[in-house]
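Visitor: If you look up TrEMBL, you'll see B:Cys227 marked as active site, glycyl thioester intermediate. According to TrEMBL, the feature active site, cysteine persulfide intermediate maps to B:Cys393. For B:Gly80, B:Asp101, B:Asn108, B:Asn109, B:Leu110, B:His111, B:Arg112, B:Lys125, B:Asp169, B:Asn170, the entry in TrEMBL reads ATP binding site. According to TrEMBL, the feature Zn(2+) binding site maps to B:Cys210, B:Cys213, B:Cys285, B:Cys288. What TrEMBL records for B:3-37 is coiled coil. Residues annotated as domain 'Rhodanese' in TrEMBL: B:335-435.
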Amino acid sequence: MMTSECMPVTLEFGGGAELLFNNLKEHELQLPNSRIWTVRELLIWMKDNLIAERPDLFFHGDSVRPGILVLVNETDWELMGELEYEIQRKDKIMFISTLHGG
Amino acid sequence: MDALNFLSKKEEVEKEINELKSQIEEKKRVLETLVSNQNKHNLTNWEISRYSRQILVPNIGIKGQESFKNGKVLIIGAGGLGCPAAQYLAGCGIGHIGLVDYDEVEENNLHRQLLHQENSIGTSKVRSAAQALRSINSHIKVDEYPVQLNSLNAIQIMQSYSVVIDASDNPSTRYLVNDACIMTKLPLVSGSAVGMEGQLTVYNYKGGPCYRCLFPDPPPPNTVSNCGDAGVLGPVPGVIGTMQALQAIHILLESEGVLSSKLLLFDGADTKFRTVKLRGKSAGCVVCGENPTITRLIDYEQFCGAPANDKHAAVNLLKPEERITVSELRTALKEKGKPVVIDVRSKTEFDICRLPGSVNIPLADIEKQSAQNTLKSVISKSPNPNEPVYVICRRGNDSQKAVKKLRELMLLNQDFFDVRGGLHAWARDIDHTFPIY
């Protein structure tokens, strides 16, 4: 696929969420540019294509499970429209599992 | 002079001495007040000398040191986060520090909980940490609460303080501390650390969000990792706990730099600090929103479906006849000649210690095709492929999960047994030279 037909997006995982994604903290994606991608659609894509194990520890319904914080370009997704946020070229989406230990 | 006369004269002189002594003390106080009035502050010369290196920092100054002296900080948890937080606050001269922890010092705490000493193993963490704080600074007040914080005592304990530091280790306590802070209107410095990572934020500060605004629903218990399972490297909670002390200081000083509506993420593996922007206070929050439905503390263990500690409760997923004891395992190893033993701990744990001949298939991998292929091949190569397979782990919890999974996954007619109590039981009952971690 030519670059112009793809949308580069970076996914980052932290707080242990990376363990479910092949233990990789950063994933560089090229999403097909043929449609609009919302976070909702990204999550579906991740469920089908990216998660390596135990999806129930990450997803819940059409969202992420309680205790996982989603950040769009280092901002809480709640301020960005959550599932409906339209992903832009070169966006960085982070999935941080909250830590409880001490 | 007769004896009676002597005694009464002696008493009289002693009384005079005491009166003079208290007069001297009183005069000293008058002088101190005079000096500090002259200086326009209430720090003594001793305090100025002791804290001079931080008073010299323009952000602190005399006013800041006065705020420290009047500061009252409660620390929930005297562990990996609470120790460094308390140590720095005591060093700074925070006038009143409270410590809450129900737990006792264990040997495996000492690598990171540096207020505790080898000779405090088995004693109260709060006692041990308080003694250490008093030896750092004998001029501050340290209150000890060697109790489990709960819905009955939390508000009572917290209302004597002006800032709360959450240095606890489990979600139930974190929700409890959050709700109690809302009810007592106290800012909450929340830190956490596991493995190589830490997180830090401040809740309920000047209209910012609370823990529930961010996390209205508790995490499923099976997704909560803790230091006892995932491990933790000492300096990581050291960094976060130290920064919790710094946040408490910012709050006492009412200065900029309070992490309200912001979350600091620390990744010690690649030495990265990041501060991300969080949502504001949620109008619909059940505890701090416009129409709160939680106005009294609730049962947090029930809410989270997990106890308010990071200890391990034994789980019972299998029927008694599906489990064997470590002595039965020893007999099987002796008599049956090389039965297959599957160890479902992580590779890191398997590298620490293992039963000779056991094969490592981590629980996390058990559903993978590669893991099942390994298992099938190990079984087919064993001298007695029809013998049951024994599944072992650290404490006998994960091995039950593994047995359940394997029964679902394996099509071949294979018997699986889990070993009760796991390698801990093996070390206790069979082989005293086997390490316990």
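Each Cβ is built from the backbone N, Cα and C atoms, and glycine gets one as well.
Nobody curates TrEMBL annotations by hand; they come from automatic prediction.
Help me understand the surroundings of these features in the structure.
Guide: The DSSP secondary structure for B:Cys227 (active site, glycyl thioester intermediate) is helix. Every protein chain shown contributes to the tally, and the Cβ of B:Cys227 (active site, glycyl thioester intermediate) ends up with 24 other Cβ atoms within 10 Å.
Listed in sequence order, B:Asp343, B:Val344, B:Arg345, B:Leu363, B:Ser399, B:Ala402, B:Gly422, B:Leu423 are the same-chain residues six or more apart from B:Cys393 (active site, cysteine persulfide intermediate) with CB atoms under 8 A from its CB.
Secondary structure at B:Asp169 (ATP binding site), taken from DSSP and collapsed to helix, strand or coil, is coil.
DSSP gives B:Cys288 (Zn(2+) binding site) a coil state; it is part of no helix or strand.
Over the coiled coil (B:3-37), the average per-residue pLDDT in this prediction is 90.
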Visitor: Among the recorded positions B:Cys210, B:Cys227, B:Cys285, B:Cys288, report those whose Cα falls within 10 Å of that of B:Asp169 (ATP binding site); none is a fine answer.
Guide: B:Cys227
Visitor: If we check Cα distances from B:Cys285 (Zn(2+) binding site), which of the binding-site residues B:Gly80, B:Asn108, B:Arg112 wins as closest?
Guide: B:Gly80
Visitor: Quick check: of the binding-site residues listed here (B:Gly80, B:Leu110, B:Cys210, B:Cys288), which one has the Cα closest to that of B:Cys227 (active site, glycyl thioester intermediate)?
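Guide: The answer is B:Gly80.
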Visitor: Taking chain A as the partner, extract the binding-site residues from B:Gly80, B:Asn108, B:Asp169, B:Cys210, B:Cys288 whose Cβ is under 8 Å from a partner Cβ; order them by sequence and answer 'none' if none remain.
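Guide: The answer, in sequence order, is B:Gly80, B:Asp169.
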Visitor: Can you count helix, strand and coil residues in the domain 'Rhodanese' (B:335-435) using DSSP?
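Guide: DSSP classes over the domain 'Rhodanese' (B:335-435) add up to 44 helix, 13 strand, 44 coil.
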Visitor: Hey, how far is B:Leu110 (ATP binding site) from B:Cys210 (Zn(2+) binding site), Cα to Cα, in Å?
Guide: 32
Visitor: Specify the nearest of the binding-site residues B:Gly80, B:Asn108, B:Arg112 to B:Cys210 (Zn(2+) binding site), where nearness means the distance between Cα atoms.
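Guide: Answer for the nearest of the binding-site residues: B:Gly80.
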Visitor: My understanding is the cutoff is Cβ-Cβ under 8 Å with a sequence separation of 6 or more in the same chain; which residues meet that for B:Asn108 (ATP binding site)?
Guide: B:Tyr437
